[in-house]
Structure formats: C-alpha cells, structure tokens
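Let me begin by presenting the structure, written as structure tokens, before commenting on it.
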Amino acid sequence: MTRSDEDRYIGWDAWGPWSECSRTCGGGASYSLRRCLNGGSCDGINIRYRTCSNMDCPAESGDFRAQQCSAHNDIKYQGVTYEWFPSPYDPSAPCALRCQTKGRSLTVELAPKVLDGTRCRADAFDMCISGVCQVTGRSTSQSNNMASHVLMGPT
C-alpha cells in the first residue's frame with residue numbers, strides 16, 4: 001500500500017486494510033487504521049469507517065436494535081427477568097441501547113452504546129459507530145442496496 005504525498009508530509013503511515021463488516025446485511029460498518037510515524041501526534045484522524053453489507057436483511061431477521069434488546073431477556077435486571085424491546089427514539093442518546101419492558105413502563109439503558117452498524121433512528125440510514133451517530137446521507141426512501149460510503153472517524 002502506498003502513502004500519499006500528503007500523508008508522508010504530515011507524518012502518517014499508509015491506511016491499513018479494511019476490517020470485516022460489523023453486520024452481514026442491513027448496513028454495517030468497517031474500519032481502517034493508520035499509524036502516526038513521527039513519534040508524537042499527527043494532525044488528522046487515525047481511523048476511518050465505511051458502510052458495508054448494505055443489502056436488505058431477510059424480513060424474518062427483525063430489527064437490529066430489537067435483537068440487541070432481546071439479548072437481555074434472560075438476564076435478570078434488579079432480580080427480575082423481563083422481555084425487552086427498543087424504547088422510542090431519544091435524540092439525546094441515539095446510540096445508547098435504551099430498552100423498555102414489554103407490558104410495563106420500565107425503560108432502562110442496558111448498554112452505553114449499541115453495536116456498530118445499528119441505525120441511529122428507524123427512519124434514516126445514519127448509523128452508530130463507536131457510540132456516535134454518523135451521518136450517511138441516505139434516507140429510508142432510498143434503496144438499501146447501495147454502494148459503500150466512507151465516513152470520517154473521530155478527531
């Protein structure tokens with residue numbers, strides 16, 4: 001892999017290979033890393049993400065966030081087991097795994113972040129990566145069978 005002149009000038013190694021996709025369908029995330037070569041800190045980012053596995057999942061596979069909530073069904077919460085499903089969208093924490101109990105009014109954050117590739121909200125393809133909602137620029141009115149998009153990483 002070759003480094004661009006710009007990368008060499010600012011002290012970065014070449015970007016590494018892309019990781020496996022976080023999901024096999026429904027839109028996931030893959031990442032690539034690079035090293036700072038100057039022994040200190042380099043300007044820019046050391047990780048970048050791209051969308052992957054953008055083809056639709058089979059209907060029977062269900063919602064990815066719902067799968068993550070239901071994974072807690074057999075785990076006791078305050079001594080009681082519950083059946084969990086996703087709580088309504090919370091714009092203040094779109095990438096937290098907030099679930100509510102079936103038939104009850106209990107809503108709990110079961111994890112500080114959802115798995116990479118989880119949609120931030122149901123009506124858009126923006127996805128959570130490392131606990132941060134990343135804008136993909138796509139909406140649910142567009143086909144889900146689209147090419148990958150490179151997203152920037154944290155700064």
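Heads up, the Cβ atoms here are built off N, Cα and C, so glycines get one too.
Any TrEMBL annotation is an automated prediction that lacks curation.
For Cys21-Cys52 (among others), the entry in TrEMBL reads disulfide bond. According to DSSP, Cys52 (disulfide bond) sits within a strand segment.
Annotation comment: TrEMBL describes Cys25-Cys57 (among others) as disulfide bond. The C-beta environment of Cys25 (disulfide bond), restricted to residues of the same chain at least 6 apart in sequence and closer than 8 Å, consists of Ser53, Met55, Asp56, Cys57, Pro58, Ser61.
Reduced to three states, the DSSP call for Cys36 (disulfide bond) is strand. Residues or ranges marked as disulfide bond by TrEMBL: Cys36-Cys42 (among others).
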Same-chain residues at least 6 apart in sequence whose Cβ lies under 8 Å from Cys36 (disulfide bond): Gly11, Trp12, Asp13, Cys42, Asn46
